[in-house]
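Participant: Annotations for this protein, taken from TrEMBL, read as follows:
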type     : residues     : note
BINDING  : Cys65, His69 : Cu cation binding site
DOMAIN   : 349-588      : domain 'Histidine kinase'
DOMAIN   : 614-731      : domain 'Response regulatory'
MOD_RES  : Asp662       : 4-aspartylphosphate
TRANSMEM : 20-41        : transmembrane segment
TRANSMEM : 53-72        : transmembrane segment
TRANSMEM : 92-113       : transmembrane segment
Amino acid sequence: MDSCNCIEPQWPPDDLLMKYQYISDFFIALAYFSIPLELIYFVKKSAVFPYRWVLVQFGAFIVLCGATHLINLWTFTMHSRTVAMVMTTAKVFTAVVSCVTALMLVHIIPDLLSVKTRELFLKNKAAELDREMGLIRTQEETGRHVRMLTHEIRSTLDRHTILKTTLVELGRTLALEECALWMPTRTGLELQLSYTLHQQNPVGYTVPIHHPMINQVFSSSHVVKISPNCPVARIRPAGKYMPGEVVAVRVPLLHLSNFQINDWPELSTKRYALMVLMLPSDSARQWHVHELELVEVVADQVAVALSHAAILEESMRARDLLMEQNVALDLARREAETAIRARNDFLAVMNHEMRTPMHAIIALSSLLQETELTPEQRLMVETILKSSNLLATLINDVLDLSRLEDGSLQLDLGTFNLYAVFREVLNLIKPIASVKKLHVSLNMAPELPEYAIGDEKRLMQTILNVVGNAVKFSKDGSILISAFVAKAELLRDSRTPEFFPVPGDNHFYLRVQVKDSGIGVSPQDIPKLFTKFAQTQSTAIRNSGGSGLGLAICKRFVNLMEGHIWIESEGLGKGCTAIFMVKLGIPERLNESKLAFMPKVPPNLGPAAFPGLKVLVMDENGVSRMVTKGLLVHLGCDVTMVSSSEECLRVVSHEHKVVFMDVCVSGMDGYEIAIRIQEKFTKRHERPIIVALTGNTDKVTKEKLMRVGMGGLILKPVSLDKMRSVLSDLLEHRVLFEAV
């Protein structure tokens with residue numbers, strides 16, 4: 001038995017199964033105990049966990065399960081009753097905890113599922129938010145591109161640069177293969193390819209504007225997708241297999257009818273240009289919404305920029321035209337000023353040259369009239385005087401008309417006796433009317449004020465002209481002069497709609513009517529009567545003579561006095577009535593006015609009215625000098641004559657009481673002579689009265705004479721009576737400026 005060498009048999013099958021169960025229970029228990037430790041670790045690391053108590057219960061369940069499997073290790077061998085009791089207790093607790101855990105999971109699982117649902121909802125919301133943020137970023141990107149494009153487009157106001165810049169920037173921003181702009185032709189019946197992105201000189205391509213696809217684009221305010229085979233889209237390079245998408249949008253040509261821009265149509269209807277945009281060929285790229293919106297916004301911006309460019313072009317054209325007109329106007333103004341200066345110089349020279357011989361004729365005739373003459377000789381002398389006076393009146397009319405036209409004539413306002421003016425006119429007219437056996441009567445209304453404020457000389461000249469015309473064009477019969485204050489209801493006349501009188505308390509309107517029984521005038525010839533140098537068609541009127549200046553000057557005088565003049569006549573041979581109204585002021589202190597302006601009664605002066613009065617006469621014209629001396633010598637003056645300014649300064653002395661000089665002399669003029677004379681005689685009582693004897697009748701001459709200290713201004717020609725009155729006023733007042 002001792003020497004038996006046999007192999008120990010393997011474990012029985014039942015023991016082997018028990019062995020495997022033993023090992024398995026050990027590892028199961030180990031796993032159960034490790035799981036709670038891991039859960040506790042992760043719960044501690046987690047910041048938020050809403051089901052801690054469930055986790056504790058689940059941990060207890062696992063621990064009990066592990067304990068059950070661990071205790072079960074002692075059941076594989078003989079064990080005591082204590083082990084059986086512990087095993088039973090562990091299994092009971094495990095069963096209880098397992099049931100409680102199962103019941104709790106019934107309530108927990110729906111919550112867990114709802115959390116999952118909310119998680120999915122939040123994920124969807126997050127995805128939607130991401131899409132919206134993408135849209136916002138896209139819109140921001142679009143807005144940035146729009147601002148950039150707008151800045152580029154509006155950086156210039158040249159329409160060619162605007163359109164070319166638009167195509168270039170759109171092509172770069174949207175990565176286009178081609179971009180083109182079709183503009184309407186001048187006829188408005190076709191669209192012409194005017195600008196492209198890549199072609200340098202796109203000329204010769206035209207399509208009918210009434211093409212259905214073009215009408216579809218023009219009728220929509222949005223971008224329209226068009227076929228790549230459309231005529232306006234056949235501009236891409238050849239050889240491409242799959243053309244990209246093509247869109248088109250209209251570009252309004254705003255207010256095109258207001259501008260005439262080179263070759264653009266001048267039509268009143270609203271017109272559009274067409275912009276065509278093409279995506280690259282052989283690509284799957286499509287147009288996105290934000291890209292289409294960008295194109296629409298850019299099209300609107302281009303329309304606005306084109307309108308601004310059109311306005312600028314029109315403004316530049318208007319400015320150039322205005323500059324040309326200004327240059328032409330400036331040239332015309334300079335020519336007019338040169339012509340006016342030439343005319344004024346001519347009138348000044350002619351005025352002086354004509355008045356000098358007239359001075360000789362009138363002065364010598366007046367001197368001759370003072371001598372013993374036969375009736376026939378006296379009639380001849382009187383005729384010479386009347387003709388000379390008429391010629392002097394014509395000279396005055398021409399000069400007055402020139403000053404009226406250039407606006408240099410101004411009214412010389414003052415208080416005067418209104419009745420005396422009409423009496424003076426009547427005294428001047430009656431001798432001429434008596435020759436023609438005309439009866440002249442004057443009717444002055446009682447309410448007419450005796451004194452008024454106005455230009456006495458111009459009023460008298462107007463009345464004298466109107467009455468003189470009545471005498472001139474009347475062969476027989478009578479002439480009635482009526483003067484009265486125009487009543488309020490007579491101020492406005494339907495025949496004079498351009499006359500707007502304004503009633504007031506400090507002025508009144510004098511209405512003068514001169515009615516004659518002369519040759520009359522036809523109604524169609526009445527407007528010509530107030531045109532200078534115009535003659536009517538009536539043979540009788542033409543044969544009556546006249547320069548055609550009288551009524552033209554009267555009209556201007558009346559307009560200056562804020563009045564109106566017109567003629568009424570029923571036709572040839574029926575006489576006529578000349579009517580005018582002028583505005584005159586009312587003196588504030590009437591009584592003082594009457595005393596201050598009482599008509600002077602000239603003293604009964606004989607031929608030698610100023611015996612021994614030493615007078616110095618300075619005139620370059622020998623005839624005028626001799627004539628003036630003759631007048632003064634006839635009045636008893638002691639006259640010294642000089643012919644130059646230097647001689648005048650050498651001869652003049654304190655014995656000379658009056659110095660008559662012509663201011664228009666060569667060398668030192670009369671103004672400088674007057675200053676030298678005043679410097680020579682510092683004492684006022686030794687200084688002679690310096691009087692300018694001249695033919696210049698402008699206000700500038702009068703103001704200059706007063707500024708250099710001259711004592712008077714007498715206009716040539718001068719008659720004997722006028723010289724007598726001048727000397728009388730000079731010796732009485734030491735100053736006398738005849739109205740000009």
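Every residue, even glycine, has its Cβ placed from backbone N, Cα and C.
Note that this is a predicted model, so its numbers are computed, not measured.
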Participant: Rounded to the nearest Å, what's the C-alpha distance separating Asp662 (4-aspartylphosphate) and Cys65 (Cu cation binding site)? Just drop the number here, would you?
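Facilitator: Answer for this pair: 152 Å between alpha carbons.
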Participant: Counting by DSSP secondary structure, give me helix, strand and coil numbers for the domain 'Response regulatory' (614-731).
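Facilitator: Residue counts in helix, strand and coil order: 55 helix, 24 strand, 39 coil.
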Participant: Taking the Cβ of Cys65 (Cu cation binding site) as centre, how many other Cβ atoms lie within 10 Å?
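Facilitator: Its Cβ has 22 other Cβ atoms within 10 Å.
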